[in-house]
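Some features that TrEMBL has for this protein:
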TRANSMEM  31-52  transmembrane segment
TRANSMEM  72-93  transmembrane segment
TRANSMEM  105-124  transmembrane segment
TRANSMEM  151-172  transmembrane segment
TRANSMEM  193-218  transmembrane segment
TRANSMEM  224-247  transmembrane segment
TRANSMEM  334-355  transmembrane segment
TRANSMEM  384-404  transmembrane segment
TRANSMEM  416-437  transmembrane segment
TRANSMEM  449-475  transmembrane segment
TRANSMEM  533-552  transmembrane segment
Amino acid sequence: MGDSLEKTKSILSVDTCVDWRGRPCNSNKHGGMGAAAFVLGLQAFEMMAIAAVGNNLITYVYSEMHFPLSKAANVVTNFVGTVFLLSLLGGFLSDSYLGSFRTMLIFGFIELSGFTVLTVQAHYPGLRPAACEMGSSGEGDECEEAKGYKALMFFSALYLVALGSGCLKPNIISHGADQFQKQDPTQFKKLSTFFNCAYFAFCTGELIALTLLVWVQTHSGMDLGFGVSTAAMLLALISLLSGASFFRNNPPRGSIFTPIAQVFVAAFTKRKQICPSNSEMLHGSHNGVVKLLHTDNFRFLDKACIKSEETRGGTREESPWKLCTVTQVEQVKIILSVIPIFACTIIFNTILAQLQTFSVQQGASMNTTLTNSFQIPPASLQSIPYLILIFLVPLYETAFVPLARRLTATDSGITPLQRVGTGLFVATFSMVSAALVEQKRRHSSNLSILWIAPQFVIFGISELFTAVGLVEFFYKQSVEGMQSFLTAMTYCSYSFGFYLSSLLVSVVNKVSGGGSGGGWLSHNDLNKDRLDLFYWLLAGLSLVNFFNYLFWANRYSQLVAP
């Protein structure tokens, strides 16, 4: 699916990459998996740093900042949502003005400053509300919630981290993928392997964060835990700087939004024109520099490529706001075509939001004791899928892909769209498992925390398919100058998923409470809440979303078919 679109991008494409000094790249020195390894180091350390904060943040916000449970959950989902929404800014700045390397360097240090401020606040008691036991015998209602300069310091630090990480994330993937020349078929085939390696680095960082770093936070204090995250972020920047002399860098090409806006303005200006039946008559279709072939979808945009009579007669040139090239128009068509695919992954990330918020609190209300001397920190349960995926990702690459390749004749085994769809289907069963376990927990006084492990395992498997497939799909649909921005759309899906989670919590509380304030998720006590019903609602939405995805994926495949 989409293979024909990828082939059109190689037509007369020229390698314009430069080294860190702006000189043309040397294929023997720059790029390849060796250079990408430094990017993978950045990915692992940065993920380690932010995952340790994000995945246990609800505990800190609830226990130390004294926000009510539902408000604390929304603080976390809004933070994570903002991280991924800001990826669009990072992608835009990279493609338009800074380039991916400089963008990562600048915002990496911004993220580092946020971690530092969080560490300082967690270390000094005077910068936090007075110590108080939340949710204990009703005393939680009397705890002082963080306000004034304490809240300002906390949210400033948190959103410095969000700004840095958000602008960093899309560039990590796109910069790593840029190390492989699209003009070289042998190197281009390694892209799928790189995306799997990037996910392996992601899983490694998550696993260390959710085991070692969460254990440090739980047993040695959040200040030391945040301090370790700060050190991990510093190592991430060292990894990035170490690879500077080996990187292939795509130079920025000016505002990526201007050519897009020109297409819409030109198409609207010439809305009364009739598109020629022969696409060769469109501007830029045979001038020797076309990088995208003409397609028949969104034909109304082709009007932007129709020359006026004066232009055809050679008497004058038209403004770029009135006449665009086929490549410009096809670039806009790509963006419009992938939006429905992007939208279908939002519910998937809403499920992820539950595993980082309510599922952590669900585990905290269960029996966390494994032995007389060892207890599982609830946030560490999120390490289970990554522990499994540490083994599954190499197995996927070395066993599944070669087998599937023989059956499908596709370089990556299955297409990115097929991979995304598989993950969306599997994710539904994560919420089914969560709902069943919550029902059992409500009627059991000493249920082991290990009962909620399956919901994390199932979602981890689904993420192996959907998360990697979506990144690969978006990067392969991008054209020169838009790699980081289109990759950022992948992370934007995470953002909308987490924002939708916050919205769903508020709506569900309002609807289920019937104005009485007794909604499914309105208490600070899960024994009084109906988290199981909320999970069932998400399972139903996920299943409906899967069938919606099948429709749009099939339609997309028909649009790009040769």
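In case you wondered, yes, glycine gets a Cβ from its N, Cα and C as well.
The model shown is predicted, which means the values in this text are computed figures rather than measured ones.
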Within this structure, do the transmembrane segment (533-552) and the transmembrane segment (334-355) have 3 or more Cβ pairs under 8 angstroms, counting pairs 6 or more apart in sequence?
yes
Return the stretch with the most CB pairs under 8 A relative to the transmembrane segment (193-218), choosing among 105-124, 384-404, 416-437.
384-404
Considering the transmembrane segment (224-247), which listed stretch of 31-52, 72-93, 151-172, 416-437, 533-552 counts the most C-beta pairs under 8 Å:
31-52
Can you name the far-off residues of the same chain, 6+ from the ends of the transmembrane segment (31-52), with a Cβ under 8 Å from a Cβ of it?
17, 25, 83, 104, 108, 111, 115, 161, 165, 168, 172, 175-176, 178-181, 187, 190, 194, 197-198, 201-202, 204-206, 208-210, 213-214, 217, 225, 228-230, 232-233, 235-237, 239-240, 242-243, 246-248
Cβ-Cβ under 8 Å with the transmembrane segment (151-172): same-chain residues at least 6 beyond its ends:
39, 42-43, 46, 50, 53, 65, 79, 82-87, 89-91, 93-94, 100, 103-104, 106-115, 117-118, 121, 127, 198, 484-485, 487-488, 490-491
Would you confirm whether the transmembrane segment (416-437) and the transmembrane segment (384-404) meet the contact rule of 3 or more C-beta pairs below 8 angstroms, pairs 6 or more apart in sequence?
no
